[in-house]
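A short worksheet on the structure shown next.
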Amino acid sequence: MFEGVLPAIVTPFQNDHAKSLDLLGLQSNLAFLVSKGVHGVVPCGSTGESATLSFEEHVKVIEATIEAVAGKVPVLAGAGSNNTDEAIRFTRSAKDLGADGVLIISPYYNRPNRSGLIKHFSAIADLDIPVVLYNVPSRTGQNLSPDLVAELSRHPNIVGIKEASGNISQVSQIIEETMDQDFTVISGDDGMTLPVMALGGGGVISVAANVEPERMVGMYRAYTEGDWDDAISLHYELAPLFRALFIDSNPIPVKKAINLRGLASGPLRLPLDELDAEKTAALTEVLSTYD
């Protein structure tokens, strides 16, 4: 269900110091992405500034996303928290709204032990909705080890992992240890998309696809159709963008990039702040090469 290129979408805010959502802008962005052939969308993730959204705003963003894509592509809704009860509340809401699955980041800051992680993810998966785990140690301070992921993959509702550890050996081991399950490993790093797919992964949850959806979809399609040379060529064509979108904390650069492309973005919510002039100039220069 969750394979291909799935943009982790931004949450546009109004120009009122980001106090309110721009849902019309969100839906316009989604129409653009779907028209470019993306295979799914991921609202309310890190790129969507989920940490600064209220519960009510989570509901509105997911509801607007589901309405906008109108069944054309699956919606994998961010529903994670370092509070298990809150993650359950987010997940139950996403399920009731009609999301196709939920993306659950590993609990951050409180650093649970192994048994706590198993109980946390299992309690969410027991709500009977497809769950994709999200491993991003650079943000959470904790790594989901391959053997832990393999154990979790045996839960019938845990269907995949967004792997953003940056460790290709770990990705390989996860794929190896989950081959006997209906379980998909998805890259959480645009620059690792092809290496992960070459090992048997299913695609990417992408930041860059907000900016260059056609090229990202083209790279995925070239690989799946056996045109390895074209896939590699597109990877290197996109590599400067991959780097530029992380010249500052995500989603600061990507919100600036889509704004420069004429898509809905709006301001960031504190504690995130706008890209400075020097980095904006560098990003603009990279974007100009894709015009």
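From the backbone N, Cα and C atoms, a Cβ is placed for every residue, glycine too.
Over in Swiss-Prot, the protein carries these features:
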type     : residues      : note
SITE     : SER46         : site 'Part of a proton relay during catalysis'
BINDING  : THR47, ILE205 : pyruvate binding site
SITE     : TYR109        : site 'Part of a proton relay during catalysis'
ACT_SITE : TYR134        : active site, proton donor/acceptor
ACT_SITE : LYS162        : active site, schiff-base intermediate with substrate
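Around TYR109 (site 'Part of a proton relay during catalysis'), a 10 Å sphere centred on its CB holds 8 further CB atoms from the protein chains shown. Each residue contributes its Cα atom, and for THR47 (pyruvate binding site) and LYS162 (active site, schiff-base intermediate with substrate) these two points are 14 Å apart. Closest by Cα distance to LYS162 (active site, schiff-base intermediate with substrate), from the recorded positions SER46, TYR109, TYR134, ILE205, is TYR134.
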